[in-house]
């Protein structure tokens with residue numbers, strides 16, 4: 001039937017209506033703005049830590065050190081652990097908030113978790129914009145982190161649970177698309193406000209974070225919660241009506257899908273302690289592997305190094321101040337438009353193909369960027385870079401960003417959000433967000449030190465990690481495109497590697513095991 005997905009399940013096939021209605025697209029678009037606030041802060045923080053008026057007000061000692069220091073080694077510029085810690089404070093706050101996001105999402109639903117996240121983020125943005133003391137500034141930054149942590153927990157879950165199976169990839173990738181739009185918006189804002197007389201433009205940039213926050217706050221009031229979330233909180237009739245509304249068909253036509261969701265919810269309610277089940281029973285080894293591994297490896301692609309420090313990186317390789325900001329705008333544009341490739345192809349070519357192709361492209365780009373920088377600066381870090389080499393570096397940075405934008409960027413959020421069983425989905429998403437934020441903070445903290453010591457070899461370092469993770473994806477990741485969420489666990493049962501570790505607790509599996517045991521006893 002048109003617009004439906006057919007899935008093999010327990011020796012039978014099921015079909016779900018699968019057209020994306022305007023209401024579903026609107027709801028997912030609102031929820032995906034949660035990615036925008038994350039991306040906006042990544043781009044904004046890069047500018048803050050190199051803005052003289054900001055440093056003079058809040059970090060006068062560092063400002064004076066930069067003025068007094070004569071730097072000849074291009075690899076060791078702008079190395080301040082205190083500034084790096086300021087940038088990382090948001091991600092540490094987000095990691096902490098993500099652990100509280102799981103009980104919030106279970107108790108109040110995905111929708112209201114998004115609303116509370118937006119309120120925290122708006123408050124933090126306003127405090128940052130008006131801050132005159134470091135205490136106000138850091139409080140605002142920690143509130144920004146709370147908003148980011150709650151948003152990136154609830155938003156991917158909302159998108160995966162709201163979308164029809166065969167368009168889940170496309171709609172979930174809206175989250176990554178919004179991250180790229182947030183980064184680009186911050187780069188454009190930085191370029192604009194850097195021209196403000198008096199050096200107060202950074203206040204405008206910080207305060208403008210309240211704009212996407214307000215979109216989430218107001219939009220979340222106009223969208224429904226997901227049917228799965230409603231069912232898990234006992235709102236059965238509202239869940240049935242919502243499922244009918246978002247699929248655009250009558251209640252009778254969604255009966256099969258609703259019954260499967262209801263059965264999955266009942267099974268999840270039988271789990272008394274989801275954290276224990278997830279972490280210690282061994283039932284969810286494949287899912288836990290991806291909950292930990294995907295966000296860990298996503299940060300080791302080196303993307304946040306490129307996006308977070310793009311102005312610093314381009315200034316290091318010889319661009320003037322305005323030119324370096326403009327170059328980061330260019331990479332931001334590449335990031336946005338390349339993400340559309342994933343939006344269009346994720347549900348056609350599949351997750352694995354994008355991972356493998358994008359990973360290969362990123363490996364080659366990292367090696368070439370490292371080689372070009374090494375040829376110009378060598379191990380000493382001294383010398384000047386020619387215009388031709390600078391253009392080559394920008395080109396391959398853009399090729400690298402494009403590869404990330406249709407592979408590890410969107411897939412890094414999509415895969416974890418769709419492989420978790422309902423019983424532990426919220427808890428596993430908390431783990432994913434916490435790991436992602438902690439390693440974002442860690443990489444941000446150590447990047448400048450690594451650059452100073454590894455020199456151009458830092459790009460080879462990230463290239464080696466990319467090679468390893470691409471091999472692991474090829475070996476361990478099963479294809480999950482077009483598979484309904486409640487069916488994903490069966491994909492792991494069929495995988496050549498994971499089937500050895502999957503514990504099937506379903507009624508059919510228990511019945512089959514019992515019949516097998518009886519047959520053996522009778523023989």
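Every residue, even glycine, has its Cβ placed from backbone N, Cα and C.
The annotation domain 'Major facilitator superfamily (MFS) profile' is assigned in TrEMBL to 27-481.
If one looks beyond the transmembrane segment (20-40) by at least 6 residues along the same chain, the residues whose Cβ comes under 8 Å of a Cβ in the stretch are 110, 114, 117, 121, 144, 147-148, 151-152, 154-155, 158-159, 162-164, 167, 170-171, 174-186, 209, 212-213, 215-216, 219-220, 222-224, 245-248, 413. What TrEMBL records for 20-40 (among others) is transmembrane segment.
Under the heading transmembrane segment, TrEMBL lists 83-102 (among others). For the transmembrane segment (83-102), the list of distant contacts is 41, 45, 48-49, 59, 62, 113, 138, 141-150, 152-154, 308, 426-427, 429-430, 433-434, 437-438, 440-442, 444-448: same-chain residues at least six beyond its ends, Cβ to Cβ under 8 Å.
Sequence-distant contacts of the transmembrane segment (114-136) (same chain, six or more residues past either end, CB-CB distance under 8 Å): 31, 34, 37, 57-58, 104, 108, 142-151, 154-155, 158, 203-204, 206-210, 213-214, 216-217, 220-221. Taken from TrEMBL, the feature transmembrane segment applies to 114-136 (among others).
According to TrEMBL, the feature transmembrane segment maps to 142-159 (among others). Listed as Cβ neighbours of the transmembrane segment (142-159) (distance under 8 Å, sequence separation of 6 or more from its ends, same chain) are residues 27-28, 31-32, 34-35, 37-38, 41, 89-98, 100-102, 104-105, 110-111, 113-114, 116-125, 127-128, 168, 171-172, 174-175, 209, 213, 216, 226, 413-414, 416-417, 425-426, 429-430, 433, 436-437.
Residues or ranges marked as transmembrane segment in TrEMBL: 171-192 (among others).
Look at TrEMBL and you will find 204-223 (among others) tagged as transmembrane segment.
Long-range neighbours of the transmembrane segment (325-346) within the same chain, counting only residues 6 or more positions beyond its ends whose Cβ lies under 8 Å from a Cβ of the stretch, are 43, 46-47, 169-170, 173-174, 176-177, 180-181, 183-184, 187-188, 190-191, 194, 306-307, 310-311, 314, 319, 353-354, 394, 397-398, 401-407, 409-411, 414, 481. Annotation comment: TrEMBL describes 325-346 (among others) as transmembrane segment.
Through the fold, the transmembrane segment (358-377) approaches residues 74-75, 301-302, 317, 383-386, 389, 392-393, 396-397, 399-400, 402-404, 406-408, 455-460, 462-463, 466-467, 469-470, 473 of its own chain, all at least 6 residues removed from its boundaries and within a Cβ separation under 8 Å. Look at TrEMBL and you will find 358-377 (among others) tagged as transmembrane segment.
Residues or ranges marked as transmembrane segment by TrEMBL: 389-408 (among others).
Sequence-remote contacts of a segment are chain residues at least 6 beyond its ends whose Cβ falls under 8 Å from one of its Cβ atoms, and for the transmembrane segment (428-451) they are 75-76, 78-81, 84-85, 87-89, 91-92, 94-96, 98-99, 101-102, 105, 148-149, 152-153, 156-157, 278, 284, 287-288, 291-292, 294-296, 298-300, 302, 304-305, 308-309, 412, 416-417, 420, 458, 461. The transmembrane segment annotation in TrEMBL covers 428-451 (among others).
What TrEMBL records for 458-477 (among others) is transmembrane segment. Nonlocal intrachain contacts for the transmembrane segment (458-477), taken as residues 6+ away from its ends with a CB within less than 8 angstroms of a stretch CB, comprise 289-290, 293, 297, 300-302, 305, 351-352, 355-356, 359-360, 362-363, 366-367, 369-370, 373, 408, 415, 447, 450-451, 497-498.
Cβ atoms under 8 Å from those of the transmembrane segment (171-192) belong to residues 20, 24-25, 28-29, 31-44, 46-47, 152, 155-156, 159-160, 162-163, 201, 204-205, 208, 212, 307, 310-311, 322, 325-326, 328-329, 332-333, 335-336, 339-340, 342-343, 346, 405, 409-410, 412-414, 417-418 of the same chain, restricted to positions at least 6 beyond its ends.
On the 0 to 100 pLDDT scale, the domain 'Major facilitator superfamily (MFS) profile' (27-481) averages 87 in the predicted structure.
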